[in-house]
Amino acid sequence: FAEFDDAANLLAANPDATTISIDEPAEIPKNQHGRLQEPGREEDDELLGTDDSDKTELLAGQKKSAPFWTFEYYQTFFDVDTYQVLDRIKGSVFPVPGKNFVRLYIRSNPDLYGPFWICATLVFTIAVSGNLSNFFIHLGKPTYHYVPEFRKVSIAATTIYAYAWLVPLALWGFLMWRNSKVMNIVSYSFLEIVCVYGYSLFIYIPTAILWIIPQKVVRWVLVMFSLCLSGSVLVMTFWPAVRDDNRRIALATVGTIVLLHALLAVGCLAYFFDAPEVDFPAPIIPVHNGTTVITKSQ
């Protein structure tokens with residue numbers, strides 16, 4: 001305790017000396033926060049959701065720390081409750097101008113549960129509605145015999161799931177490539193992009209049901225309305241991520257996203273609902289004297 005005795009003697013010799021307590025926290029200057037954030041970038045960071053990106057990546061890494069060959073690793077992709085799924089569906093159907101879908105609904109907990117079942121429901125809805133539409137169009141024709149086309153289920157499944165996985169994969173790779181060239185480009189994770197595309201397809205489920213109406217004008221109005229809603233979700237999500245890139249590249253990227261989305265909607269409508277009518281052969285009626293009579297359909 002020699003050090004304490006020396007300190008006591010010095011304090012007795014100089015009572016006005018300043019003392020420092022180890023219990024008092026040192027005051028940190030408020031101006032030592034690194035470089036100040038530019039005012040023009042605050043809105044972009046809020047829109048893109050980059051202000052808490054470090055915390056989000058840390059939490060995401062903690063959630064997906066299990067090895068990829070284990071069941072626990074894939075279980076995290078479906079760790080979502082009913083209220084979150086419904087909230088994300090509502091956000092995809094009623095997009096808010098100026099708000100980022102990933103920032104508001106996805107970034108805290110991206111999932112594959114909603115996109116998987118939305119795509120599955122859309123596949124069966126398009127296939128069943130296409131068969132019903134064909135039935136109602138030819139209803140009442142004596143030469144028509146209804147035969148369900150089960151191959152439409154496989155065609156719809158291949159188209160929908162290929163779009164919901166391959167397009168996000170290509171977009172994710174493109175954003176990663178541009179991020180290596182332009183530092184301000186923000187790249188979403190592959191899971192976030194798949195989640196956005198999956199939920200953006202929900203609006204086509206009620207639209208496909210309404211496509212049963214045998215009126216081409218009504219069908220095309222419905223497809224344009226649905227395309228505007230779902231396409232706006234994609235544009236408002238990915239435009240802030242590419243807006244700092246070259247102007248032509250940014251516009252071409254967003255234009256390609258909208259074009260592929262429109263091709264999916266128009267292609268489904270044209271193939272499953274607006275297929276050209278087929279002339280059915282006239283039925284052959286046997287006669288008792290050994291001859292046959294071919295009736296001519298009007």
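Each residue, glycine too, has its Cβ placed from N, Cα and C.
All TrEMBL annotations are machine predictions without curation.
As recorded in TrEMBL:
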- 15-53: region 'Disordered' (REGION)
- 41-51: compositional bias 'Acidic residues' (COMPBIAS)
- 93-265: domain 'Yip1' (DOMAIN)
- 112-133: transmembrane segment (TRANSMEM)
- 153-177: transmembrane segment (TRANSMEM)
- 189-214: transmembrane segment (TRANSMEM)
- 220-242: transmembrane segment (TRANSMEM)
- 249-273: transmembrane segment (TRANSMEM)
Are there three or more C-beta pairs under 8 angstroms joining the transmembrane segment (249-273) and the transmembrane segment (112-133), sequence spacing 6 or more?
yes
For the transmembrane segment (220-242), could you work out the same-chain residues 6 or more beyond its ends whose Cβ comes under 8 Å from its Cβ atoms?
44, 47-48, 91-93, 95, 97-102, 171, 175, 178, 185-188, 196-197, 199-201, 203-204, 207, 210-211, 249-250, 253-254, 257-258, 261-262, 265-266, 269
Mind checking which residues reach the transmembrane segment (153-177)? Cβ under 8 Å, same chain, six or more beyond either end.
115, 119, 122-124, 126-127, 130, 185-190, 193-194, 196-198, 201, 238, 241-242, 253, 257, 260, 264, 267-268, 271-272
